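J.: As listed in TrEMBL for this protein:
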ACT_SITE  ASP152  active site, charge relay system
ACT_SITE  HIS206  active site, charge relay system
ACT_SITE  SER544  active site, charge relay system
DOMAIN    38-113  domain 'Inhibitor I9'
DOMAIN    143-585  domain 'Peptidase S8/S53'
DOMAIN    386-460  domain 'PA'
DOMAIN    662-744  domain 'Subtilisin-like protease fibronectin type-III'
Amino acid sequence: MEANLTEKDEKQCKNSFYVLLVWYLGEVNAAKEDSNGVYIVYMGASRLPNGAPRSDHDHLLNVLLKRKKNSVVETYSNGFLGFAARLSDEEAKSIAQRPGVVSVFRDPVLQLHTTRSWDFLKYQTALKTDSTPSSPFATTSTGADTIIGILDTGENEFGLKLRVSLMRIWVQSHHTGREKVIGARYYDDLESGTISFGTPRDESGHGTHVASTAAGRPVSGASYYGLANGTAEGGSPGSRIAMYRVCVAGGGCLGSAILKAFDDAIADGVDVLSLSLGSSPGEPDFATDPIAIGAFHAVEKGIIVVCSAGNSGPISSSVVNVAPWILTVAATTIDRDFEADIVLGGDKVIKGGGINFSGLNRSTVHPLIDGRSAQSTSNQHDEADARNCVPGSLDDGKVKGKIVICESTDENYEPNDKFDILKNQGAIGMIVIDNDERQVPSKYGTFPIAAVTEEDGATILSYINSTSNPVATILPTVMIQNYKPAPAVGYFSSRGPTFGIKNLLKPDIAAPGVAILAAWPSNDKKEALPERDPPLFDVLSGTSMACPHVSGLAATVKSQHPTWSASAIRSAIMTTAIQTNNLHAPITTNTGSIATPYDIGAGEISLTGPLQPGLVYETETINYIYFLCNMGYDANKIKSIALAFPNNFSCPSSSGSDSISNMNYPSIAISSLKASESKTVNRTVTNVGDEDSTYTAAVEIPAGLHVEVVPNKLQFSKNVKKLSFQVTFKLTAASQEDLFGSVTRLHGQMRSIKLGVHLL
């Protein structure tokens, strides 16, 4: 029997299903409590193909509750159907076989992907657009009449008191009133054993930081204890925030809560959904991924869903949240450096990094020693441990009163953990040799710690070996503005290519995610410096911070173009992205190599380009359905997912991974193309710019690849809004490396849209 049920199917199976389920539950004696776990039962679209509501969902719930009281954790009925319930493995397997059920899977625990950035983006914007007084970036009404829904750890404050909803009552002023946070929900399962706060308030700080980055109103004099001082402002300050607390501090984010938040957000009428969280890297399964499932139904309702790419970089194929209906965001640096200088004997200055508020100064120097030279005579640790300053590996007498320089090839200890021990041994300060720590500043509190690159570390070690009395001091951190080059890819930012889906390029876009200053809960004493009040703003890094930059931009575009689809907004953001840094050179990675689409997708976001993209690539629901066909999902299951299908729909016989390249996506990826072979893909663009306009194609390709665009010229008019073209790729010589290029549509001197292409 097909998974998409007609009303007649439902009536025929209802009685037999009731008997089967009651019999099964009776056989297993309602399952032993200790074998139960929370499973998510996903049933797809909320209505039948003819628009009538489905009854199989309610029927299954009623039968389950009769036999297993209090077993249901969450129910989903607004944007899609399903529920989360405590089931035994056998019960879950039985329900998975029933008509109308798309998938049944254990409730997963996902993790968080944990100012000046907006000013930097404005300076970086290279695309010229019409400048008028009504420009959204010239007024605080940016994003007006849009709601950004944020799934995170909750929200406390960034200038306005949070309205706390009790018992999940939605506090909603919607588009009226002046409240920034118009509502908040929380999702606590009291019987799960996880921490329950009974409130949407943020006990972590992560959600507050993310929310203020996306939509915080301007706050002058913002800083982290005086560092990064300036005006803090979100990307869409006129937007409202709807907060959905799906994560708890230290406890992860339950998939059942994430799905419930999606379901609620669809009913609440948000315009953008922002998720700075995700699963671990690996081959995606869109039938059991709560974010992919919820995002599909949100996009189907016209909501753009923006997600972080993950913090598992620079490992290849580590990007997550890769469903094509999601806008996936990588993280980059901005033109700000937190510099903690190291002054060696002879006044030679090494530019270290990190955030320290130590009391050391330039006038007093201290003896300098490397970890190897301070090795303890104990047999418990070897020389490698000593070089890394592993706790217990260094001799008290050798480090007392000195600054110790440590390598960082041992990943079992954080710098603060090492210095805790060194401080107890009498050490004055610590220098960490770590390229990653130097690029992405850690907070060291009042500890005199600075991070240096391997190159600078070698310079310091050479100095130590060249003199009988090496000395140094570590200065407190200062902020350096207009740092170059920027942006650069954050070392942690997850990379493509997409695991298991070679013909879909992810991430889609990049945005600032390194050392981002944003609001922080004012009662968080854990973040406070000794004898200081907790900070009102904090500095964090991660694709978690990059994601709300794009969410804020998407809300701004939506406010200016309220009729645009989610895919049109995504296309506008991707095709107007920037590929150069503030040295007018290609954006680079953390190692200095030129960044590829595997690192930054289409490039760094532009703040003005997406408002006037000229052309957009619209990806419709049916395109996503065919994508699932090409991924090999069962056609009968697929039919249960979407609200509408063509008559007599079935997956094409030619379905396969190669066909994914033909999805009308704002990038092109082709795999397994051999020398002298060619492949043609199709794209359709919609004109959202001047009615009478002509766009010509310009191709940028590496050697060994021939690309032809037909037709080369697209002419739009009042009656011609959509046009299609083909791009044919041919390898003229075999290549051992992936190839990257672009097809750009040019319109006069003012506007261009770039379609990234890559072959692997």
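Keep in mind that glycine also has a Cβ here, set from the backbone N, Cα and C atoms.
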J.: When a 10 Å sphere is centred on the Cβ of ASP152 (active site, charge relay system), how many other Cβ atoms does it contain?
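T.: 28, counting other Cβ atoms within 10 Å of ASP152 (active site, charge relay system).
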J.: Which whole number is the mean pLDDT over the domain 'Inhibitor I9' (38-113)?
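T.: Taking every residue in the domain 'Inhibitor I9' (38-113) and averaging pLDDT yields 90.
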J.: Around SER544 (active site, charge relay system), how many other C-beta atoms are within 10 angstroms of its C-beta?
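T.: Taking all protein chains shown, SER544 (active site, charge relay system) has 30 Cβ neighbours within 10 Å.
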J.: Compute the C-alpha separation of SER544 (active site, charge relay system) from ASP152 (active site, charge relay system), stating it in Å without decimals.
T.: 10
J.: State the count of C-beta atoms found within 10 angstroms of the C-beta of HIS206 (active site, charge relay system), not counting that atom itself.
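T.: Around the Cβ of HIS206 (active site, charge relay system), 27 other Cβ atoms lie within 10 Å.
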J.: DSSP-wise, what's the residue breakdown of the domain 'Subtilisin-like protease fibronectin type-III' (662-744) into helix, strand and coil?
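T.: Split into helix, strand and coil, the domain 'Subtilisin-like protease fibronectin type-III' (662-744) gives 1 helix, 49 strand, 33 coil.
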J.: Determine how many residues of the domain 'Inhibitor I9' (38-113) DSSP places in helix, in strand and in coil.
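T.: The domain 'Inhibitor I9' (38-113) comes out at 20 helix, 29 strand, 27 coil.
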J.: If one measures from the C-alpha of ASP152 (active site, charge relay system) to the C-alpha of HIS206 (active site, charge relay system), what distance in angstrom results, rounded to a whole number?
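T.: If we compare the Cα positions of ASP152 (active site, charge relay system) and HIS206 (active site, charge relay system), the gap is 7 Å.
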